[in-house]
Amino acid sequence: MDMSPPIHRWMKDDLDRSVFQKSVTVLAARIPARDTTTLLKSDALRRYIMDVPKIRSVVWDPSGTQGQRLVLLKVPTEAALSPEARILLTEHSAELVDHTIRLNYDYWTADDILQAILPEELLNGSPTGFSVTGHIAHLNLNKEYLPYKKIIGKVILDKNPAIKTVVNKIDNIDNKFRFFKMELLAGEPNFVVEHHESNCRFTFDFSKVYWNSRLHTEHDRLVQLFKPEDVVADVFAGVGPFAIPAARKGCAVLANDLNPDSACFLSTNIVKNNVADLVRASCEDGRDFIRDAIFNVLENPFPPYLGPKPSRLKEKKLRRDRQASERSSQDSVYPLESTLPPRKVVTRFVMNLPDSALDFLDAFRGVMVTRDRIGGELGRLYDAMPMIHCYCFTRELEPVKAEADIRLRVEAKIGHKIEEDVDLHLVRSVAPNKDMYCVSFRLPRPVAFAR
Ligand SMILES: C[S@@+](CC[C@H](N)C(=O)[O-])C[C@H]1O[C@@H](n2cnc3c(N)ncnc32)[C@H](O)[C@@H]1O
């Protein structure tokens with residue numbers, strides 16, 4: 001039974017959905033409706049019943065005969081049925097008839113339709129793979145598919161109800177702020193998405209800021225390492241996929257991005273996710289940010305961690321309860337104020353700019369002595385040095401060689417060996433000869449206090 005769509009290889013830009021029509025005639029057993037279950041379950045007939053996705057194998061009799069149904073069969077003629085099946089049908093007064101199934105554009109998948117449109121030499125690769133960010137489907141078409149990009153976009157839009165916009169990446173990420181240049185293939189020219197990750201809501205303009213849904217697992221992995229009491233300095237924060245989940249967990253965060261659009265959406269996301277008390281956004285060069293972060297937190301500390309953050313509703317209720325109880329007793333239900341000391345110490349730096357983050361590491365040399373007048377205080381405050389989580393690429397594909405390569409580059413930049421709490425994590429393979437890693441290490445004390 002050939003259920004494939006009719007071939008229309010003449011289409012290129014305009015998608016004519018009306019030409020995708022097909023009638024398929026199949027053999028069917030007309031049976032009394034009351035016998036349907038018995039026949040469907042019978043060993044003799046079961047293996048002959050049609051089993052095609054999205055097509056019902058039992059339908060009302062289109063001839064309108066009351067109380068009759070058609071069971072669609074996958075054999076072409078009565079002769080192909082076993083004697084037992086024929087006897088069973090006779091016992092149930094079944095009559096074999098032809099039944100016509102009418103298929104249209106809605107029946108076929110995006111792949112089916114494109115296989116019927118694209119030239120034969122392009123049928124092997126599938127252009128229907130895409131990643132989804134909010135309502136946007138994001139394709140990365142090989143150049144041989146480009147003459148068909150508009151029609152590919154339209155088919156993907158039709159076949160994915162949650163998608164409202166289809167774009168194609170038109171360049172490698174090569175601009176300073178790491179976002180894709182993209183062109184609209186189909187749907188609304190609206191690039192501001194609302195995307196959900198790690199139970200947080202992110203709003204951003206996908207055509208102006210960096211976002212990569214494939215980093216979801218890595219964002220989660222790193223945030224899981226954080227303790228709620230941590231103070232995190234996110235040097236290349238983007239629109240907040242580390243910073244906001246970290247703050248939801250209780251961490252205090254300095255989140256920075258040089259792209260003004262990223263910094264702007266980061267600020268929006270901070271408010272939308274109810275973490276304005278814990279995240280401070282900035283828009284400066286990563287090197288300046290690193291050199292200022294430690295003093296910023298020292299001079300303007302964060303409040304202490306007070307336990308899991310209640311939801312807005314729960315917080316309102318706790319405040320009400322607290323006010324009520326203050327009238328009767330001094331005890332509070334939730335410690336909205338605390339006697340714990342404020343958070344003055346940056347415990348982690350996150351540096352996700354894999355192309356060049358290693359080049360920023362020299363900014364840590366002398367980072368704790370740049371403002372001499374309080375340098376002494378920092379020596380006492382920082383009994384443990386901050387952890388640095390730095391992303392990078394390497395062309396060494398064997399783990400041992402990759403580690404040696406990355407270690408060498410880190411140590412050359414900071415001018416010191418890394419020995420304490422060193423960990424290397426393979427994030428993903430970005431190209432056949434290029435892997436992305438996260439190297440974590442504790443900032444060596446002599447580097448932070450180097451003069
Ligand atoms: C690879 S993205 C990572 C964003 C985010 N942390 C994430 O995981 O999705 C790197 C970010 O660094 C920002 N950036 C590029 N150069 C920078 C610089 N010199 N200083 C600060 N931010 C920079 C880009 O705008 C971009 O948002």
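Each Cβ is built from the backbone N, Cα and C atoms, and glycine gets one as well.
Any TrEMBL annotation is an automated prediction that lacks curation.
TrEMBL lists H219, D257, L258, D285, G286, N352 with the feature S-adenosyl-L-methionine binding site. Neighbour list (H219 (S-adenosyl-L-methionine binding site), Cβ cut-off 8 Å, at least 6 residues apart, same chain): E197, S198, P241, F242, P245.
Mean pLDDT for the domain 'SAM-dependent methyltransferase TRM5/TYW2-type' (130-445) in the predicted structure: 91. Here TrEMBL flags 130-445 as domain 'SAM-dependent methyltransferase TRM5/TYW2-type'.
Positions annotated as region 'Disordered' by TrEMBL: 306-336.
In the three-state DSSP classification, D285 (S-adenosyl-L-methionine binding site) falls within coil. Around N352 (S-adenosyl-L-methionine binding site), taking its Cβ as the centre, 26 other Cβ atoms fall within 10 Å, counting all chains. Cβ neighbour count for G286 (S-adenosyl-L-methionine binding site) (all protein chains, 10 Å cutoff from its Cβ): 21. Note: D285 (S-adenosyl-L-methionine binding site) has non-local neighbours L258, i.e. same-chain residues 6+ apart with C-beta under 8 A of its own C-beta.
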